[in-house]
Structure formats: C-alpha cells, structure tokens
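A.B. asks: Sharing a structure here in structure tokens format.
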C-alpha cells in the first residue's frame, strides 16, 4: 500500500520471549526467538497534523466543558461555606474539614477502576456514567439538612468524579504524541483554574439573589450547578469518540491514517489485547511511586487552595461578597501561567526543569502569608502562588503519562500514581479549621513545607529516569539489540526528562 502521504515497507523483526528487536543483514536470531514481519509506516507529517487538528477542534472543547463543570461541582463547597453553609446545617468543630477530607476516600479507591474501564469499554459510556452520578450527588447536596446527609453526598460525588482527570489524561495520551501531550493535559488544569474564576463569578451572582422559594442561596448554588452540568455534558455519550481511529468526525482516509498511526506507534501505545504482565509492570515500577510522592506533597497546596481560597481571602479581612469575586482575577492569572509553561515544556521537551520552576512561587507565596497579616500583601501572594500551583500538577501528570507504555500499563499506572497523589486531599481538608482563622498560619506553613519536599522528589524522579536512559544508551553502545524487557523499560524507548 502506498499513497502520497502514507508508505508501508516490510522489515524483519526478531521477537524474543519478551522484546521486539531489529534483525538485519545475515544476523541469525538467537535461540528461543521467532522471526516475524511487521510494516514500517511513513505518514506525511502535514497530513497527520491536519487530522490531529480535527481532534483539537472536536475533542478538546468537549473535554474542556466536561472538566470545567467537574471541578466546578467539586469546589463549590468552598463558595457555599462563605454563604453560611456550615451554620445552616449545624456543622460543629471541624466537620466542614471532614466533608473535604472524606470526599477523597472513594475518590482514591476507585481511580484505577475508572481509568481501566475507559480503556476496556470506551470513554463515552464510562464518562457519561460518571457524569450522571456526580450531577445527581451535586443537586442532592442542595437539599441536605445535616452533617451526615452532606457527608453521604460528598462521598458519592468523590466516587463518580474519581476518574475524570486521569481518564482524560489517558485519553489524550492515546491521541497525541509524547512531545505535544502537555499542552493538552494543561486543558485539565486550565479548566480547574477557569472553574475557580467562573465559580467565584457564579457564586457572587447566586449570593445576590438571596433566599428564593424557601431555599438559601448556597442551596441554589448546588442545584443550579448540578443541573447545568447534566444538561451541557449529557451529549457526551453520542459526541465523544470511543477510539481515535473510529472518530465520527474523520473521513475514511483520515480514519485509515489514524489506524496506521497506531501501528506505527505500537511501541508507545501497544495493541488492544489485555495482558496481566502490564498490570504487574505498572504495580512494581518504582518510577510511579517516587513520582507519586512529588504529586502527593505538591497536591496538598492545590487541593487546599482550590477549596479554601474564598476562606483564605475572607481571612485577609474581606467580606463574603468580596471573598467570592476577588477569586476571579487570581484564577485568570493561574490559567494564563499554566498555558505558557505547558507550551514551553512541550517545546523544550523538559519536565523536571519546569516543575522545579513552578514550585518556587508556591513556596514563596505561602511564606508571605505566614510572615505578614497585611491583607493586600496576602492577596498579592495568591497571584504569585497561582502561577505555579496549576502548572506543577499539569506537568507532573504529563510526565508520568508520557513515560509509561504501552496503553494498558499506562491505564493502570497512571491512576495508581494519581490515587497516591490524591491522598493529599485527606491532609488538605484538615489544614484550614475555623479555629485557625483568620490567618491560618499552620495550614500555610505546612503547604509551603510540603511544596519544598515535592521539589526534592522531582529531582529524585529525574535521577531515576536519567539513570534508566543512561543504562539503555550503554547497552546500545555495546551492540545490544534487546535487554529482555518490554514497554518503556525496553531499549527502544527513551524517557522524557
């Protein structure tokens, strides 16, 4: 088969017990191997870019709306708090913090299930199921009367929201190349930042209408946001493609290009056949656990920031109305910074460097809040903080997603990484109790310290991956064609540092 943009050439390949390796000339395969024929595929880069632009056009906007509303429904608890949510349902002591913390229990436990389900059954059915569940839980929160009812709704919300961020990261990694994934994964954190700005704006509008039909403003916040999410995202079942090569918006020749692209990238993506060896490799890979510690320690800052930002701003001396609308410009700055850093990280093929850069403003901003009670200085510190908090999360998720292959290892390893990192939500929910108001020195100090520790784990992750690359380079330099390993551990895969 040959066309102006696609060429296929047959090459001999030696298949060992676990590894594909090239065999050329008169080289004889070693015992225990068999020679098979595969196709070397060339695809016109311009044609490939044109097809991927269609995914940017049809998939990314849907993903943006979906993730935006997902984060909006999760973080609205912070906006509701300054409306009187705690007083109206009779919360005592640190029960509000418990609502934030216990949300993450089902969230952490079920992440692997959701992402693996996306790989096995396709995103449209799985994500739509999650959508219906979390929207129902959000709307129900608008009718709770006590702590236990609120807790049940929050845990159901955590159950159904669990796989959204890692699932979309996985989906993007099956469509785009490793060198361009960060810009797309940035969409997840960009949606988070925009949801913060939009959430503050929406909460301010809801607050101005006051009590309506016997329901307090914070109840309408949950009811309206849940209903809007259900209405806008309901079409996902029909409009979101299950597989890149069968996407409804592609022409037949474009579908063929995506099928051939999948064959060309088989070392990175793998085939559709499930094998338990990929589960074993994911579960036993130290890279996932070292990286997850960086994600865990840094995520305390982002979870605490996302939920408690209105509380923090009110603690600076602003009233409830001001606390909600003053979040809007902060999130806008965060969104712009995120897109800039994701672009340059992809452009320069550097992850660790930009992660270390992102950590610096987060540490500095929290220390400013610890060191002074001046409300202007503390509010400015929120602008400094947001320039690093979202980009760190984005680049960390991208770093792991693009260094785990094939797809089945990624579909297990990525949610394991995310689950361990999201355990930070259990900590973040306890950092800003009412007893620490208004300055929350303990919470801000802990967040600064953990962000510094995250930087250490970034360096350790970089050292681990660099060592693996050096070992592969050394083996190749000695003439080796295989090291007996598969996936990202094989000689033909280089880790992005």
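Glycine residues also receive a Cβ, built from the backbone N, Cα and C atoms like all the rest.
What TrEMBL records for this protein is below:
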- 59-469: domain 'Major facilitator superfamily (MFS) profile' (DOMAIN)
- 99-118: transmembrane segment (TRANSMEM)
- 125-144: transmembrane segment (TRANSMEM)
- 156-175: transmembrane segment (TRANSMEM)
- 187-206: transmembrane segment (TRANSMEM)
- 218-240: transmembrane segment (TRANSMEM)
- 287-308: transmembrane segment (TRANSMEM)
- 320-340: transmembrane segment (TRANSMEM)
- 352-373: transmembrane segment (TRANSMEM)
- 379-400: transmembrane segment (TRANSMEM)
- 445-465: transmembrane segment (TRANSMEM)
A.B. asks: To what whole number does the mean pLDDT across the domain 'Major facilitator superfamily (MFS) profile' (59-469) round?
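C.D. replies: Averaged over the domain 'Major facilitator superfamily (MFS) profile' (59-469), the predicted model reaches a pLDDT of 87.
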A.B. asks: Mind pulling out the one from 125-144, 187-206, 320-340 with the most Cβ pairs under 8 angstroms to the transmembrane segment (99-118)?
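C.D. replies: Highest pair count goes to 125-144.
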A.B. asks: With CB pairs under 8 Å as the measure, which of the listed stretches 187-206, 287-308, 320-340, 379-400 comes out on top against the transmembrane segment (352-373)?
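C.D. replies: Comparing 187-206, 287-308, 320-340, 379-400: 379-400 has the most Cβ pairs near the transmembrane segment (352-373).
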A.B. asks: Apart from its near flanks, which chain residues at least 6 from the ends of the transmembrane segment (218-240) lie with a Cβ under 8 angstroms of it?
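C.D. replies: Residues 58-59, 62, 65-66, 69-70, 72-73, 76, 79-80, 83-85, 88, 123-125, 127-128, 131-132, 134-139, 141-143, 202-203, 206, 209, 212, 248.
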A.B. asks: Looking only at residues six or more beyond either end of the transmembrane segment (187-206), which have a C-beta under 8 A from one in the stretch?
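C.D. replies: Tertiary neighbours of the transmembrane segment (187-206) are 60, 63-64, 67-72, 75-76, 79-80, 83, 165, 168-169, 172, 217-218, 220-221, 224-225, 306, 309-310, 321, 324-332, 334-335, 338-339, 386, 390-391, 393-394, 397.
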A.B. asks: Check the transmembrane segment (156-175) against each of 287-308, 320-340, 379-400, 445-465 and return whichever range has the most CB pairs under 8 Å.
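C.D. replies: If we count Cβ pairs closer than 8 Å to the transmembrane segment (156-175), 379-400 scores highest.
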